[in-house]
Amino acid sequence: MEIPFIKMHGLGNNYIFIDTFKFNLEEDMLPALARKVSDPHTGIGSDGLILIHPSDQAEVGMRIFNKDGSEGRNCGNGLRCVAKYAYEYGLVNQTSFKIEAKSGVVEASVSVEDKQVTDITIDMGKPKLERSLIPMAGPKADQVVAEQFEVSHHPLELTAVSMGNPHAVFFVEDIQTAPVHELGPIITDDQRFPEGVNVEFVEVVSEQEVHFRVWERGSGITQACGTGACAAGVAAVLNGYARKNSEILVHLSGGDLIIRWDEEDRVWMTGPAAIIAEGTYHY
Ligand SMILES: N[C@@H](CCC[C@H](N)C(=O)O)C(=O)O
């Protein structure tokens, strides 16, 4: 089978995108296809697979599969890439439009220069903070803010946020020495998170600026995680490190995002997306 694809990235978080407006795929092949295309040696090499699909709730839909073939419910960098593709490839002709992800419908606005999308702002919706909605084991109604969380004899403080997908945020003194390699793979599969979790370490520089590194559920270390950056912004406010409605500059390994959690409880993400290559994958 010859599958047309486009490879795009948001701050180095890169995916193989297949436009199913043009080329349809069988449902049962998707997890294996995600694993195959992601392989850097025998595939194309990526953090996962994203389908761009027709939607009856939005102008365009997105489904994200991690590198290990598991399906995620949301992807911030993927949403920005899909917005760029939708505008530049004529799936939409307006600069503000809706995108449906498994976690819900979001509104995207693209900035355009010479017919090219430069930055994309996404209204990522309201974070979910109740423990049961993360989901995380424990008493139902409470929030998980700076909660003692011991893992492999490391006493950590956890703040848990769902941006449609689960995030465990840990504030650290120094981002360079954050135990991303050591604890990321352990925490992501910790039994306290029944659906697994994306793991983020965050160093606060000031009320407006943080450094960020991530271990993504299903993909491992990536250069950036859009929903993770949103979760970090929300966690910074919940822990008193930042203010609601103020922009926070999040430095990820692959570049910067601007995150704002507004007074109406909505989280806004602004950043770029880029096209890397187009081609045909021989499946
Ligand atoms: N890279 C993403 C998130 C992708 C899905 C995640 N690994 C999950 O399983 O929830 C982003 O930019 O948000």
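Every residue, even glycine, has its Cβ placed from backbone N, Cα and C.
As recorded in TrEMBL, the features of this protein are as follows:
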BINDING   Asn13, Asn66, Gly76, Asn77, Asn165, Asn198, Glu216, Arg217, Gly226, Thr227  substrate binding site
ACT_SITE  Cys75  active site
ACT_SITE  Cys75  active site, proton donor
ACT_SITE  Cys225  active site, proton acceptor
Fewest other C-beta atoms within 10 angstroms, as judged across Asn13, Asn165, which are the binding-site residues: Asn165
Other C-beta atoms that fall within 10 angstroms of the C-beta of Cys225 (active site, proton acceptor): 35
Cβ packing number for Gly76 (substrate binding site), 10 Å threshold: 30
Asn13 (substrate binding site) to the residue listed as 'active site, proton acceptor' - Cα separation in whole Å: 7
Separation of alpha carbons, Cys225 (active site, proton acceptor) and Gly76 (substrate binding site) (Å): 7
Which listed residue (Cys75, Glu216, Gly226) has most other Cβ within 10 Å, given these are recorded positions: Cys75
8 Å Cβ shell about Asn13, Asn66, Gly76, Asn77, Asn165, Asn198, Glu216, Arg217, Gly226, Thr227 centroid, substrate site members excluded: Ile64, Gly72, Asn74, Cys75, Gly78, Val214, Ser219, Thr222, Cys225, Gly228
